[in-house]
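Trainee: The feature transmembrane segment is assigned by TrEMBL to 6-23, 86-108, 114-130, 137-157, 163-194, 206-226, 270-287, 299-318, 330-348, 364-385.
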Amino acid sequence: MNRKVFWPLFALILFFGLVLHLYPSQNYNFYFTIDQGDDAVRAREFFDRGRLLTRGPETGVQGVYSGPGWYYFISIGYKLFDGDPYGALVVMILLNLAVTGVLVWWLARRISPGLGLLVGAALQLFWPFYDSSRWAFSPFPLVASSIALMIVLSEWWNTKKNYWWGTIPVVVALNAELAGAVALFIFYGVVGVIGVARGKLEVKQFILSACLLPGLGIALTVKQFAQVYLRTHTIPFVLNANVGTFQGTNFLKMAQVFAQNTTETTIPQIAWLGVLVFLGILGLYWGNKGNRGSSGEEYTRAFIVFVFGLFVTSYLFFSSNRGFQDWHDVFLPPLLFVSVVLILFSLWRELKIRYYEVGGFSRYYKVGIIGIVGVIGVSQLMLFGDRYSQYLHPSDDPGILINQMKVLDWIYTHADENGFNEYTYVPTVEDDKYQYLFWWYGRKKYGYLPCEYSNAPKSIKYLYIPNSEEYKDPHLGCEYNVFLIIEPFGFTQGRPDWGKGDISQWYEKATAGTISLEQSKVGEIKVEKRRYPSKI
């Protein structure tokens, strides 16, 4: 393909992906939940106060923290957008678009320009890939780093240039989601052992890269994990806190989860059919006796082998414990989808497989490939169109940022141009997101902060908000108004569920000594205005 054609199409795909992401998220139509709030109040210490951060988000194992790289990454967006959470979303979108660009360029260079463009365009319409940058969530960089890992491994395996191998620890260590990063690191170690056995890597190079370099970056996390593991097996209350992680295996459940991953890459609407189609495509590829020397086939095969090696490694790792969460394997569906596209492209080019070597079957083989591509394409477009159209429409979900901002608008406009106290009930107890929003949005738009804003009166905020005492001013008089923000405990069949969480004790404490003046609902968030009785 002519460069004058390739590069404009390359730019068009990335621009299309950018617009596809930014358009629905305008007017703050994206998630800002407890995780994003916690990330924001901690990253604020760096981008607003200039303080260095030494640890990242807490992992699924209580008391174990990842490295601070995620906070530094989103701080770029927060700084560029003057504290606006939209900035964190933008850098997440740009990360996925950047890795898309690298993947397209690499496929074009090593296999086929047309294939590179096809994969780039298809990824923009593949919902699991798109969904991994709809909001700034710390596990989502696993998608970009895993794609980069497959590219680097494929390049290293075929070029035998070991400087590629040396870049892998950096790619893996940047992840804030520990479980997924551990799966990547274990796979990296397995490949290294195979590389040493095959003479592609020297032992000292493997030890240096696989042990020393990553160890420098994750030494603190490993120490925390060891301490928690020992406490888990000796102290009863710690055992209860982490029972989901260390007690037993989970092979059957993980088999179902990983089967669903394969379904998502083919026909997501019908699980069993999606699995069969996926296995059929894989079987056709491994049964193919075509010309292995065709242009780029060695890179195709390396990429696919590494993806499925990571798939198996991840399954064994996640099955070995009970700590799996839905986001731990977020990197697998995009990798499997790219592999499916590579396989179909390879089969189309070679047109010779073990079961159809008779020339008369070549035409039927072509029709079969076209049929498979058509069914997968239509299925993926239907899913993407349905999910995307839902995303376009405003939602009453309390986790959507615009709804939270409207709550703050209601409070400030009903505050009689005076100061107030504010107490928040959220199912997660800690109100990190409102802590950040009052500081960023309320202070910026209305010029002052509440006198006290926390999850309950006299709450000890420094236990969950870093340096909370530094975010109290400016504020106005505090003698009169009290506002309550009450989020639903959850959702049942799409409707807010207020029954599971007993908020009576919280409500009694938050309303003590006040009288109710007004109540309202903003989306599915209840907000109430109260006042202290006049002093005589």
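Glycine is treated like the rest: Cβ placed from N, Cα and C.
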Trainee: Taking contact to mean 3 or more CB pairs closer than 8 A (sequence separation of 6 or more), are the transmembrane segment (6-23) and the transmembrane segment (114-130) in contact?
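Mentor: With 3 or more qualifying Cβ pairs, these stretches touch.
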Trainee: Is the count of Cβ pairs under 8 Å between the transmembrane segment (114-130) and the transmembrane segment (163-194), pairs 6 or more apart in sequence, 3 or more?
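Mentor: In this chain the transmembrane segment (114-130) does not contact the transmembrane segment (163-194) - fewer than 3 Cβ pairs sit under 8 Å.
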Trainee: Same chain only, please: residues at least 6 beyond the ends of the transmembrane segment (163-194) with a C-beta under 8 Å from a C-beta of the stretch. Say none if there are none.
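Mentor: For the transmembrane segment (163-194), the far contacts come to 56-57, 59-61, 64, 66-67, 69-70, 73, 138-139, 141-142, 145-146, 148-149, 152-153, 155-156, 201, 205-206, 209-210, 213-214, 217-218, 221, 306, 309-310, 313-314, 317-318, 323-325, 327-331.
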Trainee: Report yes or no: does the transmembrane segment (137-157) come within contact of the transmembrane segment (330-348), defined as 3 or more CB pairs under 8 Å with a sequence separation of 6 or more?
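Mentor: Counting Cβ pairs under 8 Å (6 or more apart in sequence), the transmembrane segment (137-157) reaches the transmembrane segment (330-348), since there are 3 or more.
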Trainee: Using a Cβ cut-off of under 8 Å, list the residues of the same chain at least 6 residues beyond the transmembrane segment (330-348) that approach it.
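Mentor: That would be 103, 111-112, 115, 118-119, 122-123, 126, 128-129, 132, 139-140, 142-143, 145-147, 150, 180, 184, 258, 261-262, 264-266, 278, 281-282, 284-285, 288, 290, 297, 300, 303-304, 307-308, 310-311, 314, 366, 369, 372-373, 376.
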Trainee: Under an 8 Å Cβ to Cβ limit, what residues of the same chain, 6 or more beyond the ends of the transmembrane segment (270-287), are close to it?
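Mentor: Same-chain contacts beyond the flanks: 259-260, 262-264, 304, 336, 340, 343-344, 346-347, 353-355, 372, 375-376.
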